[in-house]
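Annotation comment: TrEMBL describes A:GLU148, A:GLU170 as site 'Important for long-chain enoyl-CoA hydratase activity'. Residues or ranges marked as domain '3-hydroxyacyl-CoA dehydrogenase NAD binding' in TrEMBL: A:361-538. The site 'Important for hydroxyacyl-coenzyme A dehydrogenase activity' feature in TrEMBL is assigned to A:HIS495. The active site, for hydroxyacyl-coenzyme A dehydrogenase activity annotation in TrEMBL covers A:GLU507. TrEMBL lists A:541-636 with the feature domain '3-hydroxyacyl-CoA dehydrogenase C-terminal'.
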Amino acid sequence: MAGVRALGVLSRLSTRRYAANTSRTFSVAPAMLARTHVSYEVKDDVAVVRMNDPNSKVNTISIQMQNEMTEVMNELWANDAVKSAVLISSKPGCFIAGADINMIQACSSAEEVTKLSQEGQKMFELVEKSPKPIVAAINGSCLGGGLEFAIACQYRIATKSKKTVLGTPEVMLGLLPGAGGTQRLPKMVGLPNAFDMMLTGRNIRADKAKKMGLVHHLVDPLGPGLKSPEQRTMDYLEEVAIQFAKGIVDKKIPLQKDKGMMQKIQDYVMSFEFVRNQIYKTVHGKVMKQSKGLYPAPLKIIECVKTGVEQGPTAGYLAESQNFGQLAMTAESSALIGLYHGQVACKKNRFGSPAKEVKTLAILGAGLMGAGIAQVTVDKGVRTILKDTTVQGLARGEEQVYKGLNDKTKKKSITSFERDSILSNLCGQLDYKGFEKVDMVIEAVFEDIKIKHAVLKEVEAVVSPHCIFASNTSALPIKDIAAASKRPDKVIGMHYFSPVDKMQLLEIITTDQTSKDTTASAVAVGLKQGKVIIVVGDGPGFYTTRCLAPVLVEAVRVLQEGADPKKLDSLTTSFGFPVGAATLVDEVGIDVAVHVAEDLGKAFGSRFGGGNVDVLKTMVELGFKGRKSGKGWYVYEPGRKIKEVNPEIGEILENYRMKANPAVSSDSDVQYRLISRFVNEAVLCLQEGILNGPLEGDIGAVFGLGFPPCLGGPFRFLDSFGADKLVAKMQQFEAVYGNQFSPCQLLLDHAKDSSKKFHK
Amino acid sequence: MLFGGGLVVKVSGLTLARPGVKNIVLVEGVRTPFLLSGTTYANLMPHDLARAALQGLLNKTSLPKDAVDYIIYGIVIQEVKTSNVAREAALGAGFSDKIPAHTVTMACISSNQAMTSAVGLIAAGQCDAVVAGGAEFMSDVPIRHSRKMRKTMLALNRAKTLGQKLSLIGSIRMSHLSPELPAVAEFSTAETMGHSADRLAAAFGVSRLEQDEFALRSHTLAKKAQDDGLLEDVITFKVPGRDIVSKDNGIRPSSMEQMAKLKPAFVKPHGTVTAANSSFLTDGASAVLIMSEEKALAMGYKPKAYLRDFVYVSQDPKDQLLLGPTYSTPKVLERAGLSMSDIDVFEFHEAFAGQIMANLKAMDSDWFGQTYMGRKAKVGTPPMDKFNLWGGSLSLGHPFGATGCRLVTTVAHRLKKEGGQYGLVAACAAGGQGHAMVIEAYPQ
C-alpha cells in the first residue's frame, strides 16, 4: 500500500475553477452589440446588475464580461434615476470564480500581463470610488478576481450556503492577487489574516468571512417555497441586498462598523513599524521553511503587501502589477497551472456513465486503507459495508471512520446530526451478509496473491453477477488477481493512497479483459469520492509504484553510502518533494517497501537494483516497520513533533556500508540520481503504453507520490529542464552504476530533438 | 360503506361512522387560562397546572374519580422531578391511584398525541374512558450545570476518601460553572424555531405586512370571542398564593402602526418575524375526556363530538420544519373521504403568523404540490371565514404541550355554535412533524 502524506500546497489544490485575476480594457469599445454577460434593471432607485456568462457554468472575468461591466457601470454612474447598485450573479453556486486563466496564458511577455493587472486595478479603483454605493451580493464561489471585485465594492452581503466560499487561490497557480487584492485585503482584514488568505489560498466560508470582516452581512439560504430553494435563495439575497443598498443611501446602514476593543488594540499594535517588520519577518521565515524558496509567488505576495503598507498605495499597486507580470512568466506558475488543468481533466469520466450506478459498496479489510476508503464513501450517500475478519480490526476501522467525521464536526464543517446520519450509511460486519445487493467490492486485504485469490472466490460466490471486484493493491498485477475470477471483465484495480481522506489521487488499473463499463463504474465511484483519477494499464507496480520503487532503492543506496536519513530528507525536500525520501519510506512502511522492491526487482531485473534490500529486511526483522510500528529510519513517539533518527539504524547501515563514488555523490548529484530514476521510469511507462498520456503521468506523480508541484510532474519537468540535460546527467551516473541509469528510448528521442515536447 | 372517497354530499345525518369501527367521542374539554409565562403562574410547577386542568375536568363532568381507565398527558419541556407528569398530576387531582398514567412528548402536538393514543386504546378495546391532556410551564425551565460540572459532581458521589473529594472539588474551574440553557431549537439543525419560521416565510415570499395583518386578526378575533363568552373551555383557577384567574392574558389587539414599529426578533435586521407576529411563551394546561360512544351514553353524558380520522406526517426538519398542516390536511381529508369544502370549521395551530401564511401559500401552490408532495395539483386553501374564528395560538397563547386539546375542544364548540358538521384540526411541530384530525359534530 504505497502512500505518502501530502503536505503543503499539494493537498490544497482542488478542482474548482479558480482563476487568476485581471481585467482588461477599461476603455469601452463603442460596439453597441447586445450585452450577453452583464445586464441590469432598475428597481426603485437601485440598479440590480446581473452577471451571467451564457457559455459556462461559472462566471469568470473575461474580456467580454469586463467590457460589458464597464459599459453598464458607466451607464449607472450617468443615470440620475439610480442612487445605488447591487452586483449579483444569476448562476446558482457561483458569484465569480475568478478570471479566465487563458487570458493570462495568452500573453507572451511580463509587460503584457502587467498591463492586464493595471487595467484591473484601474477598474476596481473606479468601483471603490463609486459615488453610488455598490453592494456585492454573494452566493457561491467568490474567488480570485471575483473576490477582488467584491472587496472593491462598498458593501458585501453573502449567503450562508455551503457553496459560498471566498478566497484568493492565485498562489496555488504560482500567481498573486493582481487586481488590488494585495493592497485592499490587509486593510480590510488585517495583516495576519490577509497573509493567511493570500499565502495559503484557502477557501473561507461565509460565517468565517463575516467574523474576519470580509463581508458585512450574512443571509440564510432558504428552503423550498414557491420556487426551487436555489432560485428563491438568489431572489431573497437580491431583495435583502436592495434593502441594504437603499439603507446605505439613506445613511441608515453604516458602511464602517464600530471597531471593537480587540480591533482597536490590534490596530494600535500594528501602528508600530517594528511590530509590522516582525510580522513580515515571521511570515517570510515560515514561507521559506515550507516552500524551501522554490515557489516565488508567496515571497512576491509578501513583498507587495509590504510595499503597499510601508510606502503607500501608488508604490503598492505598481509592485503588485509588476510582480504579477513577472510571476505569470515563471516556470513554476506554468507548472502549477498545468497541474490545475490536468486536475480538471482527471475529474472527468472519459469512459462515459456506467450502466448501473454503485449504490452499495463493500470494502474488505478495515485496516487503514479499507477504513479510509469507507471514510470517503459514506458521506457521499453510498451505503457502505465494511467487512473485516476480526472484531478488533473492525472496531478500529469503524472508529477511524467515526473519528474522521467527528473531526469535521469539531471543525464545524458538518453538524453532529449530519455526522450521525452519515454514519448510518456504514455497516460494519464480519460475514458476507447482504453481499447479494452489493454493486462493487473493493478489497483492501493483505498484499498476498493467495489471500487475494481466496477473497475473490469468496466474494464471487455470494455477490450478484453485475458486481464489480476492485483490488486496492499497490503492486500485484491485476491480471494475476483476475486469473482466479469467473468474470475477469468485472475485475479492476483501484489503487488508493494513504491517508485516503487526504490524498487526492486514485490510480485505476485496467487489464485487457476489464470491460469498459467496469472502468466507467470504477471512475464514477472514484469521482464521487472526490478523487483525481488516472487510468493506467496493468503491469508490475502499474505507474505510481513503479516510479516509486527505483527511488526507494536509490534512497537506500544513498544511505548505505553514508548519508544519514536527515540529510537524505533535506536533499529531497529542498528539491521540492513535500516529504523527504527517508520519511516517505517510513510512511509507506518498511515492510511494504521490501515487498515492492523485491516484487518489482524480480519483474524488472537489474534495472531496479541499487541499494541492498537486505537493509530494509533487517529493519523489518528488528521490528522497524516505519511510522506504524513507532520506529523506522526515525523514532516516532506520539505527541512529539521533532523526530529523531533511529539510533539503531547506524549499526545496520554500517554492516551494509557502500563506498560512495565522489564523482557522483555531490548533493546535486544525489538529487538527480533520485529524480532521474523517477523520471526515466515515468517516461518508460508512457513508452510502454502503461500511461495514457503525459498529463496523467504528471498528475499521478504529483498527487500520488509528491513529485515537486513546482516542477509540474516528470513530463513537464523534462519539457522545462531539457531532456538532453537530464540524459547527460544520467549517462554520467550510468558510467558508475550501470543500467539503472540507462535512459529509455523515448527519453533519448526527446534528448536528441529539443523540439519534441511532452506538453504542447 | 355509506359513501366512497370524495363523493360526500353534505346531507344532514350523513356521518363518518363506519361499520366495525367504534365511535369515539369527546365528552368534555377544559383548559386553564393560558397566561404569559412569568405572570400569575410563575411560582407553580408543571404538574400543578395539569392538576388544575384535571380538577376542572372532574368538576365540569362530575366524573367519579375512579371512572376512567387511563390518563395520558403531553408535555414538551420536562421538569426532571416530575418526568411522568401525567401520574403526578392525576394523583394530585384526586384521581384513584389505581388508574395508570403515562406522559407523551411530540413537541407542539404532544397533547394531540395524548388524545390519539387515547383513541387508539379505546378503538383497540383496551379502555372505554380515557383522560388526555397536555401541560406546559415556561415560567421555570430546567437549567442544567455544564456537562463538565455534572461529570465532576457525579464523580464526587463515588469518591470515597476526603482526598479524592478534595481533588475533585479542586478540579472545578470557572468554565464548569457556565450553565446550559434549554432553547427552543431543533437538535438536528441547531436552528431556533423563530429563525426557521423567518426563513420559511421568506421562502414563500410572505411579507411583514401579511404577517402583522394575520396576527392582528388573531388577536381581534380572540378578543371578540373572549368578550362574547365563547371560550367556554376555560376554567377558573385559584392559583395557590395568588388570585383567581379566569381569563387568558395574552390577548392584546394592537394596531398595524404599533406592530410595524417592532424590530425583527430572529433574523436581524432584514427578517420579518417579530414578537408581535409570533406566539409567545405561555403557561397552561388542558384536559379532555374521551370515551367510546356507548360508554358515554351509558354514563349519561351528552358527547360534544366524534373524533374521526387522524394522521401524523413528518418532513425535512430544516427547511420544512413548520409545514406540517400543508402535508397533513390533504392526507387526513383523503382518509376521511372528505374534500376541503366539506369542512365547516378549521382550527390550525398558529405558531407564527409567517408559518400560517407560508402554509396557506404552500397549499395554494400547484408547483409546491407537484414538486414536493407528489400531487397532481395544489391542496387548496381553507376559506378564511371558517378559519380560526375564535383566535389562535398567536393571541390565546401556546403552552406547547397543551395546545392540541384546545384546538380539538374549540372545533367541537365551534361546530355546535356555528351549526357545522365537520371540523379539521391541523398543527405543525418541532422535528418537522405535523398532525391533522377530522372531528364530526355530535347530532344535537
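Along the chain as shown, the residues are counted starting at 1.
Placed from the backbone N, Cα and C atoms, the Cβ positions cover glycine too.
Shown on the structure are the features that TrEMBL records.
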residue: A:GLU148; record: site 'Important for long-chain enoyl-CoA hydratase activity'; Cβ within 10 Å: 33
residue: A:GLU170; record: site 'Important for long-chain enoyl-CoA hydratase activity'; Cβ within 10 Å: 32
residue: A:HIS495; record: site 'Important for hydroxyacyl-coenzyme A dehydrogenase activity'; Cβ within 10 Å: 29
residue: A:GLU507; record: active site, for hydroxyacyl-coenzyme A dehydrogenase activity; Cβ within 10 Å: 27
* Structure fact -> Listed recorded positions A:GLU148, A:HIS495, A:GLU507; those within 10 A of A:GLU170 (site 'Important for long-chain enoyl-CoA hydratase activity'), CA to CA, turn out to be none
* Taking the domain '3-hydroxyacyl-CoA dehydrogenase NAD binding' (A:361-538) alone, what is its mean pLDDT? -> 96
* Structure fact -> Across the domain '3-hydroxyacyl-CoA dehydrogenase C-terminal' (A:541-636), DSSP labelling yields 65 helix, 4 strand, 27 coil
* In terms of DSSP three-state secondary structure, what is the assignment for A:GLU170 (site 'Important for long-chain enoyl-CoA hydratase activity')? -> helix
* **Pairwise CA distance, A:GLU148 (site 'Important for long-chain enoyl-CoA hydratase activity') versus A:GLU507 (active site, for hydroxyacyl-coenzyme A dehydrogenase activity), rounded so that it is a whole Å** => 37
* If you run the three-state DSSP split on A:HIS495 (site 'Important for hydroxyacyl-coenzyme A dehydrogenase activity'), which class comes out? -> strand
* A:HIS495 (site 'Important for hydroxyacyl-coenzyme A dehydrogenase activity') and the residue listed as 'active site, for hydroxyacyl-coenzyme A dehydrogenase activity', Cα-Cα, nearest whole angstrom -> 5
